[in-house]
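Q: So TrEMBL lists the following for this protein:
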| type | residues | note |
| --- | --- | --- |
| DOMAIN | 1-204 | domain 'Cation efflux protein transmembrane' |
| TRANSMEM | 14-34 | transmembrane segment |
| TRANSMEM | 54-73 | transmembrane segment |
| TRANSMEM | 85-106 | transmembrane segment |
| COMPBIAS | 113-122 | compositional bias 'Basic residues' |
| REGION | 113-135 | region 'Disordered' |
| TRANSMEM | 146-167 | transmembrane segment |
| TRANSMEM | 179-196 | transmembrane segment |
| DOMAIN | 208-283 | domain 'Cation efflux protein cytoplasmic' |
Amino acid sequence: GGYVANSLAIMTDALHMLTDLSGIILTLLALWLSAKSPTKRFTFGFHRLEVLSAIISVLLVYILMAFLLYEAVQRTIHMDYEINGDIMLITAAVGVAVNLIMGFLLNQSGHLHSHSHSHPHSHVPQPNAPSAAHSHGHSSLAVRAAFVHALGDLVQSIGVLVAAYIIRFKPEYKIADPICTYIFSVLVVLTTVRILRDTGVIILEGVPRHLNVDRIKEDLMKIEDVYSIEDLNVWSLTAGKTTAIVHLQLVPGSSSKWEEVQSKARQLLLNTFGMYKCSVQLQSYKQEMGKTCASCQSSSA
């Protein structure tokens, strides 16, 4: 519709929708990849393909946005363009209608989800109740976040509709079209900067934002018979799948309790901190003896 109407505002709005579509495709890709078994060559699996796909999609969005911005600047300078106000108005109206429907469906989904899990059907305690509640709460938050995002898209579509209305009935104000392109380009950048930041942290094997290494060390040190933490590495395979490797030293004389310590450490990492995978290495504490260098030995001799 934007191409037929020669409207950069609608094409930029469509570009913003493309970023949302990319997010949905990446989510589906992550679900598909998580079901694939690791191979001898890729022992961690194929989770990082999601990160690679995210970077490629963002780069494509930036290339398209740069082209639209260039066209907007040219139109602002020369003002030698015509816009089909009728087609622009119709396309913008359809965009607003679709966003209204999407927001309504997400709002209904959020209410149905909260009602379906607000009243338990049995008073018998369930062993998996905490994890189930966490899953339900996470799903509810995801629906609410999608609803808020849909509201943002609706506001953008309304802005395009207003611009289309102005251009349709006041063609001399066609400068509103490139102005919308400038505004929506900023929104696209704000939407994708977080994706680039998160993927950068994953590629550099940084600690995810929601985890605190010092807090993890403190809780590990609280485990009985743990003397010290030799090493702790925390990184993400992909978004939402955190891995940890920890090397613990046991209190002298407690080597027989290594299975219990390992079990508690794994439970802490997997359940409390939500690790996807973890490896716990244990060894008995051995005090390092001071090593005398050869020059000291020769001088004392």
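Each residue, glycine too, has its Cβ placed from N, Cα and C.
Quick caveat, the model's predicted, so the values are computed rather than measured.
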Q: Using a Cβ-Cβ cut-off of under 8 Å, list the residues of the same chain that are 6+ residues beyond the ends of the transmembrane segment (179-196) and lie near it.
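A: Result: 8-9, 11-13, 15-16, 19, 23, 54-55, 58, 61-62, 65, 68-69, 71-72, 156, 159-160, 163.
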Q: Under an 8 Å Cβ to Cβ limit, what residues of the same chain, 6 or more beyond the ends of the transmembrane segment (14-34), are close to it?
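A: The answer is 2, 45-47, 49-50, 53-54, 57-58, 61, 64-65, 68, 149, 153, 156, 184, 187-188, 191-192, 195, 238-241.
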Q: Between 0 and 100, where does the mean pLDDT of the domain 'Cation efflux protein cytoplasmic' (208-283) sit?
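A: That region's mean pLDDT is 89.
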Q: Using DSSP, how many residues of the domain 'Cation efflux protein cytoplasmic' (208-283) fall into helix, strand and coil, respectively?
A: 27 helix, 30 strand, 19 coil
